[in-house]
Amino acid sequence: MAEASKYKKLTPIDHVLIRPEMYVGSVDTSSSSMFVFDHEKGRMVWESLKVNHGLLKIVDEILLNASDNIANKGGRMTYIRVHITEAGEITIENDGAGIPIVRSKEHKLYIPEMVFGHLLTSSNYDDTSQNAVAGRHGYGAKLTNILSHRFSVCCRTKGKEFHMSWHDHMRRATAPRVSNVDPKEKNLTRVKFLPDYERFGLDANKISHDMKRVLHKRIMDLAAMFPSIEISLNGVPFAFKSFADYAMLYSSPSSSGEMPPAPFVYESRNGAIAFIPSLTAGTRRIFGVVNGVVTHNGGTHCNAAQEVLQSSLESVEKALKKDNKVIDTNRVLRHFMILVFLVQVQPKFDSQNKARLVSVPTMPRVPRQELMDFLLRMPFLEAHVNTVTGQLADELNKEMGAGRRMSSKSLISSITKLVDATTTRRDPRFVRTLIVTEGDSAKALAQNSLSSDQKRYTGVFPLRGKLLNVRNKNLKRLKNCKELQELFCALGLELGKIYKDAEELRYQRLLVMTDQDADGSHIKGLVINAFEALWPSLLNRNPGFISIFSTPIVKVRLRDKSTHSFFSLKEFHKWQKTHGNVSYTAKYYKALGTSTTAEGKEYFKDMDKHTMRLVVERNDHKLLDSVFDSQEVEWRKDWMTKANAYTGEVDIDRSKKTLTVPDFVHKEMVHFALAGNARALAHAVDGLKPSQRKILWAIMRRSGNESAKVAQLSGYISEVSAFHHGEMSLQETIIKMAQNFTGGNNINLLIPEGQFGSRQQLGNDHAAARYIFTKLSSLARILFPSEDEPLLDYVTEEGQQVEPNHYVPILPLLLCNGSVGIGFGFASNIPPFHPLDVSAAVRSMINGEAAKVVVRRLVPWAVGYQGEVRRGPEGEFIAAGSYQYYVDGRVHVTEIPWTLSIEAFRDHISVLASKDVVQRIADYSGANHVDIDLELTNGAMTTYAECESELSLTQRIYINGTVFSPTGVLTPLEGDLAPVLQWHYDRRLDLYKKRRQRNLGLLEAELAREKSTLKFVTHFREGKIDIVNATDDSLAKTCSKLGMVRVDDSYDYVLRKPITFYTKTSLENLNRKISETEKRIDKLKKTAPVQMWLDELDRFDRAFEEHENTAVATILKERRVNPPTGDVSRNLQQPRLELEEVKVSSSGGKSVPMRVRVRKYVPPPPSKRPHVGQSVGGGGGGGSVRSSAAAVVAHVKAEKKAARARSMQKMLLDVVARQVARVLPRLPWFLF
């Protein structure tokens, strides 16, 4: 019966309430990037906003009901009015045909009652109808009703007026009221509703600022779709005379203020389409609307609109080819934003959410010649012509020796790393091949493994590290890349030349030979990218010019000494599953240097077996652009999100002899991208990156906790944890994990012994790894209890078990220490928080508070910080340093933001000194404290805000996190850290349950063993067991008869004891141990998992508080005994801002107070500096702005200089006047 109780049948209303995402999309607020209107700039801007798509959808349903009425021929519609109150109640009203106020003959209900209060009621079920409306399924307005606290409707049609209200999520309603009104009064439909904001995870009766902007934009889109209708929001109409007016709002100026050409707009009966140019290339964006429905996920109409632009650009490309110009259409596309607003009959969407159009659209017939002429006029077109001519290209060609044949002697002297083919003669039986290897060790393998005959036609050239990404043809960067220059020179390539045949080159094939790991895939990709970007025709017309040489990644040796080679881990894992009972030894080849010369000779003996020919199609440059172009961030994010979500193994089919670019990108290059993200981005639960996790695991498994030299420790960690990325990077990570200065780690998992860096350079001033020592910190062992280790999931590398997939510390370490990382398409910047506050947050969640509530109280903090954290104007956090400003112009700086190094602060002050803002600096700072005296020019600062800004004493702290979730999925958090708290809470609590169960099992097994031992000892002492004359078998039978438990299938735990074990003292000890074990079992049974957690949190809190007190005391002790004193300037001294109110849960749950509080945002006081005539924006208007401190000082100096000049002039005039007055009386009268 218990199983049967799990099955439930819900009412349709309850189903909507329990599973709203099925009908209206997600009801969780998440960060989404979209266009919104910026009132200050007067145009659309692309911003990341906190959007609740479910709330947007229920408002949209009523808006679309109103807009659908436009197509109703029963009466002309003139307006749609939307009003949103401060209390969050929304009213949408429209005139027009109106809803018939009659009872349905079939259902005996009024039509408005059915339309707004009964699911699956609609007038749009006739699929033969030619009306272009948004409604289709009969859910629409009813979903809004169900997801609202209250919902009312007023309909006036043909002299009758209908009123009805619903509440309790459409479960209860008032009786419909129908009255007669003046038939001359206009028809109307008015819907008023109050959404259930708490159901959408929002504050009660409150629409956020971001959601107001999103709704404003949504209503604006509707106004653009129907410019003949007056559509207004809160009494303010959107006055679009045409679609072109709306499209102009998407035009944005360049960084220099220059405006792009006006958009290309075409309107027809089927809708409107606009191509909006931008002077700077960006991510391709398309915004589509169908019958008023915003299709957030695009669809067939967006694809068709892009195809219109693409085909027109191809026509432009053909026209320019006549002038020997080859245009890169893919890059030109990035200069355009596309709007497509369609009017469609019977459109079909992917779901009730209507986020994507799936039916074939009827597109406006855009005049192609007009569009082509428009494209040819674009000012940025010339910048994307694929030519590399010019002085710089000529210089590079000259440096590389391009365009002339070079002798082997010249090549040897100019390219020392090149081992050239021994003959220059051509032989049709052999393809002259240049092998490009990853590093010198791979070069040695190739060179030592090639036969004498192969060396006649095969050269070898090693590459060091990562190649330059030349996707955007940045020849200035290429000029500084010696490796690529030498590679091009070895091949005889010339920049700017179009190659039709590889026979024009010194080598007819480039064989790329790299390690079989993610970094090797990246190097292959960069080589392909370089040649496709600079010489696309060479690859298009010569399939296989670039070929990939593959070597085994795993070799298996069976008992019969036969071997199997596997070229991918996917292939090896598949073999393992089908040969589970086979005994074998596996050797992993992570690098080419692992292969012996004998193995290398085996590879090159049959080169064709190991070689795949790369085939490059004409349109493959689009995909390579998306991967390597720095501006295609959003594409890479989407690519990584899909790749990370895929749970299977992806790899190239090495049995095929050809490789396409899409296969290489999606099946091999993707491994580098995924590995790059795994290395750079932290795990949400333990806050660690793989290298940090390997270090922690390896150090914790060492016997004892003796200090070890960092350089030696890195070698040990590499060996035991299968680390493959160089010991230098490992040493840097070890050093960073031990740094404990303010702004380093709030919790340093390793102890620093030596110079591990300081606030002077934020840790970059550490000593070399061979001079410094470290060991595990005591806090690390508290955070990562040893009892957890048997319960964790571990990673297997090279056939051995290494570190856990992720740890589950007692606190979310990600929040304690923060995390910064730049991955492939994703980046993360999570600030640190006070560990005791994180502990308080966890305690609050244990007490029943929601993570969303708790996380709002967390404030970024660095242990030892002596400043304060404020709220910024946009809701962000601001770290503010502290200072004393004295009336004589002296400033004593005692703290700077923890994200700023003391050296960087000094450099900034030096710049101000060069502008005469600062007259003197005296730095008394140490490793972990700030103590700096400044003398400022009189009048340079007039308010405390100017002082903080000019002296760089404030830094904004933004939260932009991307982490790996507990299931390993890459998850962007944007500014919301609540998921981190929740994921950690769930995993840690689950671990305590498992640990409690395991410990109970161990204690009960121990008790059973002790009781069995007691039985045996008691029987022995009573003379019932004769050990002297017994055999091993008879003793085992005796133990079995006594009901003793077996341990490891034997009774050795009692039979192998010394004779002293059977003494009276031992018996007493055994009874005492049994009593203690029983007490431990009883105590553990009474201890809930959360209590186990609280006990360990108590232990951590005590230890950390002692650690923090010591750190702070050290900082205060290092300060000067006699700091500066004097009268403080009231105008320039920092104010003590009020603390923000603490947000507590309204749904119960006891809040645990936190130590760090954020101070309220207060607008800075107005500047008292004089205007110095700097014009605003470079345009007209002749305005002026308050100047910087440097400009004010310069202005004051100029004024003083001018005043001195005027004084001198006045003095000279006075002297002359006195002399003239003395001489005049003595002159003869006739002179006058």
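Every residue gets a Cβ built from N, Cα and C, even glycine.
Keep in mind that this is a model prediction, so the values were computed, not measured.
The following features are taken from Swiss-Prot:
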BINDING   Asn65, Asn94, 122-124, 135-142, 352-354  ATP binding site
DOMAIN    432-546  domain 'Toprim'
BINDING   Glu438, Asp515  Mg(2+) 1 binding site
BINDING   Asp515, Asp517  Mg(2+) 2 binding site
SITE      Ile822  site 'Important for DNA bending'
REGION    952-961  region 'Interaction with DNA'
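Location within the structure of each feature annotated in Swiss-Prot.
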residue : record                           : DSSP class
Asn65   : ATP binding site                 : helix
Gly140  : ATP binding site                 : helix
Asn353  : ATP binding site                 : coil
Glu438  : Mg(2+) 1 binding site            : strand
Asp515  : Mg(2+) 1 binding site            : coil
Ile822  : site 'Important for DNA bending' : strand
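Nearest by CA distance to Gly140 (ATP binding site), out of the binding-site residues Glu438, Asp515, Asp517, is Asp517.
Within its own chain, the region 'Interaction with DNA' (952-961) has Cβ neighbours under 8 Å at 819, 827-831, 860, 869, 872, 876-883, 893, 896-897, 899-900, 905, 908, 972-975, 977, 980, counting only residues six or more beyond its boundaries.
Cα separation, Asn353 (ATP binding site) to Ile822 (site 'Important for DNA bending'), rounded: 34 Å. DSSP states for the region 'Interaction with DNA' (952-961), grouped as helix (H, G, I), strand (E, B) and coil, give 0 helix, 6 strand, 4 coil. Checked against Glu438 (Mg(2+) 1 binding site), the recorded positions Asn65, Lys142, Ile822 differ in C-alpha distance, with Ile822 being the nearest. Per Cα geometry, Ile822 is the residue among the recorded positions Asn65, Lys142, Ile822 nearest to Asp517 (Mg(2+) 2 binding site). Between the CA atoms of Lys142 (ATP binding site) and Ile822 (site 'Important for DNA bending') there is a gap of 46 Å. Lys142 (ATP binding site) has a Cβ environment of 26 other Cβ atoms inside 10 Å. The DSSP breakdown of the domain 'Toprim' (432-546) into helical (H, G, I), extended (E, B) and coil residues amounts to 58 helix, 18 strand, 39 coil. Sequence-distant neighbours of Ile822 (site 'Important for DNA bending') (same chain, 6+ apart, CB under 8 A from its CB) are Ala680, Ser828. When the Cα atoms are compared, Asp515 (Mg(2+) 1 binding site) and Asn65 (ATP binding site) turn out to be 61 Å apart. Listed binding-site residues: Glu438, Asp515, Asp517. The one with the lowest count of other Cβ atoms within 10 Å of its Cβ is Asp517.
The number of other Cβ atoms within 10 Å of the Cβ belonging to Asn353 (ATP binding site), over all protein chains shown, comes to 20. For Gly140 (ATP binding site), the Cβ neighbour count at a 10 Å cut-off comes to 27, with all displayed protein chains included.
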